[in-house]
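Chemist: Below is the structure I would like to discuss, written out as structure tokens.
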């Protein structure tokens, strides 16, 4: 067995041990923070290099996607149908807040307008990084670090705020209320779902949809629920496995980022991401003046950052996973289909003006 396989085994065992320990002391998100801490310990303190297999992290995302999709029952979808206006407004306001913060970020980090703009847009990491590669006036390193390091702030700050207003991590009411998927579906039905996820994933991957590992199982499970009316959930141990697989990947990414950030960039990135999260929180209070929704659900729906991380927080704090997923899925497609093309056109025109 080569050294990387030993290191993978070591970090996996340590992640499980730390997860159990953090769970026993009732820390928020023990099965996300445990793997993250384990990765940092192995890489930074034990000085071991870890190349975490991409497929393991993606497997974690697929499991989370199945759980997210299973929450979209006909009853839930009917409830969400009446909230389309607030879903649109929430996404637009979050993006406006991000753009305002980017103005200050530009001055603090002393970067170009292009860099500040591409660093600011939440929830579209791959699209923003690709545009940074294509634009000569954008600093690819700063854009990448700002977008990827947002995960750090999301997994640290969002759970803390959410735990205050959520159900304090009680083994996720949404997970425990419904019967297990293995008790409801037969083996042939499970096989049909797996084939559906595989085919949908290949289509999404071919057309470069964002986070296909999450969106493909969500779409398949949502379709299955609508066609059959069956209600079920994943057993909680599978969600723990997903968090471990995905959490180690986040930890490895964070460990790699630490080595590439200057103090000035750290301050600018911290300012941008903290202000974005605070802005989302204040926006939630504004929305609560007009709509009657749980503050934890609204905050997690508005919070910037990776959808997978937000959904893990929702599962652990008893959030309405279907509602929160709806907001984030809409924001992803809103950014992908409308915002990203507009930014690309705008930056292209800016580039032509500079040349002239």
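For all residues, glycine too, the Cβ spot is worked out from N, Cα and C.
According to TrEMBL:
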| type | residues | note |
| --- | --- | --- |
| TRANSMEM | 6-22 | transmembrane segment |
| TRANSMEM | 29-46 | transmembrane segment |
| TRANSMEM | 52-77 | transmembrane segment |
| TRANSMEM | 84-105 | transmembrane segment |
| TRANSMEM | 111-130 | transmembrane segment |
| TRANSMEM | 151-168 | transmembrane segment |
| TRANSMEM | 180-204 | transmembrane segment |
| TRANSMEM | 265-291 | transmembrane segment |
| TRANSMEM | 329-347 | transmembrane segment |
Chemist: Which bits of the chain, at least 6 residues beyond where the transmembrane segment (265-291) starts or stops, bring a Cβ under 8 A of a Cβ in it?
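Modeler: Distant Cβ neighbours of the transmembrane segment (265-291) are 86, 90, 93-94, 97-98, 101-102, 104-105, 108-109, 119-120, 122, 142, 145-146, 149-150, 152-154, 157-158, 161, 298-299, 302-304.
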Chemist: How about long-range neighbours of the transmembrane segment (180-204): same chain, 6 or more residues beyond its ends, C-beta under 8 Å?
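Modeler: Tertiary neighbours of the transmembrane segment (180-204) are 62, 66, 70, 212-213, 215-217, 219-221, 223-224, 230-235.
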